[in-house]
Structure formats: structure tokens, C-alpha cells
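Comments concern the structure below.
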Amino acid sequence: MPAGWYPDPMQQGNQREWNGREWVGPSVPLAAKGGFPKWLIPLIACGGLAFVALIGGAIASAGDEDPEQTAATDPAVGQFARCNDGEFSDNGDLRAICSSHDGVDEFLAEFGECEDGTVIALRDDPECPDGGDLVKLLPGYQPAAGDGDIALCNDGTYSDNRELRNTCSSHDGVEEWLAEYGECEGGDVVRLAEDERCPMGEDLSKLLPGYTPPTTTAPPATTSPPTTTAPPTTTSPPTTTAPPGPTLSPSQQQAVGSAQNYLEFSGFSRQGLIDQLSSEFGDQFSVEDATVAVDSLNVDWNAEAAESAQNYLEFSNFSCQGLIDQLSSEFGDQYTVEEATYGANQTGIC
């Protein structure tokens, strides 16, 4: 029987809503809904018995319906996503949502809130922090930067993660920093707009909106008193002036600071130090900036090799040749063979 308002078989003179499968809502007087279909008058005259039988048959037939023919066409309250098979899912576990229905076709809102209060963008396999569940959708939500946020992420949310390597790492990366410059915990100023990082893995302490880096002003030249003109002399050939050293960019200056910090704690070869500065698991400077920074330092690589050799012997046993091979290997410290030989000889095992 189609959904609609019908005489209530349990309360004469009233009617009640039938949703196609069962009675719903309260029983109300017939006049409240403007009467009822004329074709039901004979049923009412018979005391509603025939109508009860009709309802029973409708319920029985509803139980025999093909589930594929009764799939929901509109989401219910508490559902989060439409699945690829047309069903809707209320599974807050984003790793398993729609997993039995061919995956997610689309989420029912652009943003949602996780159980820890974090707001996430519902796109491209979203995840709540620490594997938490999604608890509600946020239709019409417009992200706005909070007091502690430092960057706008590519998924439209904001991040307050001050570990610069991981800022927006769960939100498709950084789209824009909220200030061009920031100050690290140690007081160093970095240019966030150039993806500079704090030295030694420090966290960012604060943003510096409106910051202008200081410029070095040369002192005014002193005016010399006039001198007596000497008689002309034989002109000597011009002298050659050594070219000034290269000017380091702000990023290269940061790389120099990181390189010096590394050298204070351990021995490094030239190539090993460049790799550490440019590694995605290290400081993530560009290879060019790392190379310029290392080459700008006055480092005794033989002394570094001797330090590395001594460090190895403190933790393990080596033959002379084995230690040289370890120090010079491309999978080891990457010293030159000459530097490695010098370092091994300084330990006294050769």
C-alpha cells in the first residue's frame, strides 16, 4: 500500500500516517487532515477488519521486497558519505567507511569534526588524528586561522604545528605561511616564504608579521686633507685585486649554521655533510645551498676523518683496512681514500 494518511485501524474516527512499511507518528482525528479517500469508506463500515487485513498484506509484501529496490535515495541524520553503490554510510571510522559498498563516492559535507575536536577536510582519503573517528559533519563551515596557527594548508584547513618539517603534513602540505618570517626557539630568524627551516630541528617560536631583515650600512668615508701634488712618476702596472668572496643567500647562511652545529657533535666528510644537510630525513636544504654552505667553511677533513675513525673504534672492532674501507665507502662516511687512510693511521691500529 502506498505511503499516505489512512484510517487508524486501532482507533475509530482517527487517521494515522503509513510510510509504506509501518505506522508512524500520532493518531489524529479525521477532520484534522481534511477527511480520507472515499474508496476506504466501505472498509470503515466493516469495522476496519478488511483494512487491517490490507495492512497486514502490505507489511508482508514489504518484507519480501528486494533490498536493492529499497536502497535509500536521501541521507539520514548521522550519515557521513554516499557510497559508490548508492548506499549511505554512518561509519565514523574513516579507514572503513563504505568499505562494504565499493568505497566512498562523495562525503556529504566538505569539512567534518573528529572526536578530539580537530576539523578536517573530507577529501582524498581523510584521516582523523591518531586514528580517531569522525563524529559529525560541518556543512557550511569556513575555516579561519586561529591564534596559534602558522600556515594555511592545501586542503583549506590551518595548522599550528611548529615543527616546520611536519606543518600541514596531514593536510596535503603548506599552501601559504601566515607570515613571511618567523623566529625559532633559539632566536634565529628564518624566511618561511623560502621554506627555510630552524637549525638543529628546533621548533618555530612565533611568526614575525611585518618583519624586515636588517641591512648593513657602510660607515661614512672620512675626508682626507688636501695633499701636495707630487711630480709625475713612471706609471706602474695596475695591481690585481682579489675578487670578494661569494655572498651567501639567507638559506645558505642557515645551512652554514646547521653544518657548524653538526661538526661540533661528530666527524663528517665533505660529501657526508652535504648529504646530511640536503637529505629529506635531515635538514632538507637544496643540494646547491648545502654544497655552497659546506665549501664556505674552513674544515680540516683529515681531522674529521680521525674523529670518525676513533668513534668507530669506541663501538666496534676493525682491522686497519676494514676501518679505511668503512670511512671511504659510499655507504659509510664517504671520505676520500687519502682522508680515510690518514684517519685510520691516527688511531694507531695501522
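A Cβ is built for glycine as well, from the same backbone N, Cα and C atoms used for every other residue.
The feature compositional bias 'Low complexity' is assigned by TrEMBL to 213-239. Feature annotation from TrEMBL assigns domain 'DUF2510' to 3-29. Taken from TrEMBL, the feature domain 'Putative host cell surface-exposed lipoprotein Ltp-like HTH region' applies to 252-297, 300-343. The region 'Disordered' annotation in TrEMBL covers 202-255. Taken from TrEMBL, the feature transmembrane segment covers 39-60.
In the predicted model, the domain 'DUF2510' (3-29) has a mean pLDDT of 75. Note: the domain 'DUF2510' (3-29) comprises 0 helix, 16 strand, 11 coil (DSSP; helix = H, G, I, strand = E, B). Applying DSSP to the domain 'Putative host cell surface-exposed lipoprotein Ltp-like HTH region' (252-297) sorts its residues as follows: 32 helix, 0 strand, 14 coil.
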